[in-house]
């Protein structure tokens, strides 16, 4: 099984093309975990860096026409060097423009995984789910949404919420770990996309296990952070979450995981 130990040994370079709000939090989270982040946003630089990368994150949170072109260029280069790319289609259900960009990236470029909340992933497959911007209300059929997207796109899917669902090759698992404090801190979902990009390329052909490990490490770190002094407060939780990502071990994952 893909492990946190393996990630720390390989220390993959992860290119993060992400939104302006979360760059610092994302970089610090990846460093704490054991990966090596780079926030490059220029095609010539990406050509150089992606030769050595273990993963690429495309997060469309800060969307512009120029950024759309950047996403396209990055995905072309990633495919050239066989770098697994993860798409976070932020708020793609909020309007036609975001949906158009997400559809373009999914249908015309090679992706290793798509990560989004229930509202975002449901919008990609035409399922109605109550959502508002980047947020999504509690959803009971999250596993069905994940499976529908996996079947439609033939791409591994991660749907996040109170319960998380992972669908790969028609198989679905649900993750029941996590902290209620995570939605209280901006950027936790965006960092998750980068964490997935860190794990997804560690072992070829083991996408389900890689995604499961990424989700468990992330969610159990959230549980650890919330239990610490003042972890119920957003400011403290944010700091303690980074600390927990630094300290969490494979033994913690094995002991506390709740997977169905």
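From the backbone N, Cα and C atoms, a Cβ is placed for every residue, glycine too.
These numbers come from a predicted model, not from an experiment.
Under the three-state DSSP scheme, residue 187 (substrate binding site) falls in the coil class. Neighbour count (other Cβ atoms within 10 Å of the Cβ, all protein chains): 19 for residue 187 (substrate binding site). The substrate binding site annotation in Swiss-Prot covers 39, 187.
Proximity of residue 115 (ATP binding site) to non-local residues of its own chain (separation of 6 or more, Cβ distance below 8 Å) is seen for 86, 87, 88, 157, 158, 160, 192, 193, 196, given in sequence order. If you look up Swiss-Prot, you'll see 115, 160 marked as ATP binding site.
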39, 160: which of these binding-site residues has the sparsest Cβ neighbourhood within 10 Å? 39
